[in-house]
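What TrEMBL lists as transmembrane segment is 43-62, 112-131, 172-190, 202-222, 242-264, 284-303, 315-334, 340-359, 371-392, 404-426. Look at TrEMBL and you will find 44-494 tagged as domain 'Major facilitator superfamily (MFS) profile'.
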Amino acid sequence: LQVTGDKQSPNVAQTAASKLSQMGERTKILGNAIQDPERQKRIILVIVCVALLLDNMLYMVIVPIIPDYLEGLQKAADNAQHIGVLFASKAIVQLMVNPISGTFIDRVGYDIPLFIGLNVMFLSTLTFAFADNYATLFLARSMQGLGSAFADTSGIALIADRYTEDTERSKALGIALAFISFGSLVAPPFGGVLYEFAGKRVPFLILACICLTDGVLCLTVLKPFSNRERDNMPVGTPIYKLMIDPYIAVVAGALIICNIPLAFLEPTIANWMEDTMHASEWEIGMTWFPAFFPHVLGVYLTVKLAAKYPHLQWFYGAIGMVFIGASSCTVPACKNFGQLMIPLCGICFGIAFVDTALLPTLGFLVDVRHVSVYGSVYAIADISYCVAYALGPVAAGQIVHNLGFVQLNLGMGLANVLYAPALLLLKNVSQMKPSFSERNMLLEDGPTGLYDTIKMEQREKKRKGLCTTLDENGIETFVQRSYSEEESSGGEYA
């Protein structure tokens, strides 16, 4: 028996060593596959989409939970006021932090802010799960705004950075917008059902687990603290300069106006449905869910149209705003749940057109008029959304109380229809080309890294009519070339 055991011991050791070797090979193959540029782009898109899904699910999952939960914590007299402030606190914090986060993203890159944002969102979700008073709920909601300012902005900017071709950028951003919509619309029924049958903590703990998984995937794929390529990248245009760019300002205004109907209806439509059509709880809970499908349809159509007719992005945005305006005006005329679905679907369909057309336009404007670093410009987009969603929970109820629900909807619809012609200013954006003076903004403060220094040297050689060549020994030498006036000033970017 001893001899048999001795003979078997080497076999067991060899088998274990062989399996460890195979696992090592598979890990190496997986690592190489992850680092493949095309595969990495897809994985990055998944990471960003999950982050956006989580943020919007966490934003909306509290809708059926918090009002009922707060009733057990405090008197109903001041309940409505507290709920409005609680709902708005996320957007207010996000609005305040975005100018800082956009600049931070431009300085350090996209991966570190995305990882930071996911960690803060994870802590926020856990805080929601175990909160037992209003102050803790308010802290959790504010923490979510802080995390979103980093995760959302860096995620969208990362997509724009990795997907450089206009068609694939529109498609990737369209997919991200679909996840945003799905998160916003599926969260209320998701939260309501789990709250009813499993308690308050369960929906938040599920979201926390998904957030943790996404953070681990981000750490594995992007390696945020080991990737120092940022040192050799160009310095982005300051956010205040982007804000005064007239084309970017027009896009930001459109994003604010088009999201106001959704932001203002979310906190007011439930009471209106109860008063006018005596809607049941399940109808109120399912109010926005059917609108997910026309939103996805709008994203799909805009991506397809943009691929075929890319010069009409402004027109798709204008059509979307007209859809939103017309749909918003018809909401008060609805008499039952079935009728109400039509204008709500129209609003989400129009928002899909506007967002899918104009978000890629922001990236293109930065490419041709500034420096191709996207943190600050997508921070401006996030600020636009936050303006609408910060005002909604605070101002919408007061407007309905003072003016009425009908007047609120007519005002929002009219604002969208009147703003749509402003997008005509974007008509010639697709014909823009990067010019020497615009791209030279990169070096207006002098070279700050290897990338800047190399570009400055290249431009200086170009200006002097010098080019490099290799001699027979492989040594780089300078030779004189004659350039026309036009070539030496702008030919590099023609």
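Every residue, even glycine, has its Cβ placed from backbone N, Cα and C.
No curator has checked TrEMBL annotations; they are predicted automatically.
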I need to check the long-range neighbours of the transmembrane segment (315-334): which residues 6 or more away from its ends have a CB within less than 8 Å of a CB in the stretch?
254, 257-258, 261, 265, 269, 277, 298, 302, 305-306, 340, 342-347, 349-354, 356-358, 361, 405-406, 409-410, 412-417, 419-421, 423-424, 426
The transmembrane segment (340-359) vs the transmembrane segment (242-264): three or more C-beta pairs under 8 Å (separation of 6 or more)?
yes
Among the recorded stretches 43-62, 112-131, 242-264, which has the greatest number of Cβ pairs closer than 8 Å to the transmembrane segment (172-190)?
43-62
Hey, would you say the transmembrane segment (404-426) packs against the transmembrane segment (43-62), going by three or more CB pairs under 8 A that are 6+ residues apart?
no
Please give the sequence-distant neighbours of the transmembrane segment (242-264): residues at least 6 beyond its ends with Cβ less than 8 Å from one of its Cβ atoms.
317, 320-321, 324, 327-328, 347-348, 350-351, 354-355, 358, 361-362, 365-366, 369-370, 376-377, 380-381, 383-385, 387-389, 391-393, 395-396, 399, 408-409, 412-413, 415-416, 419, 422-423, 425-426, 429
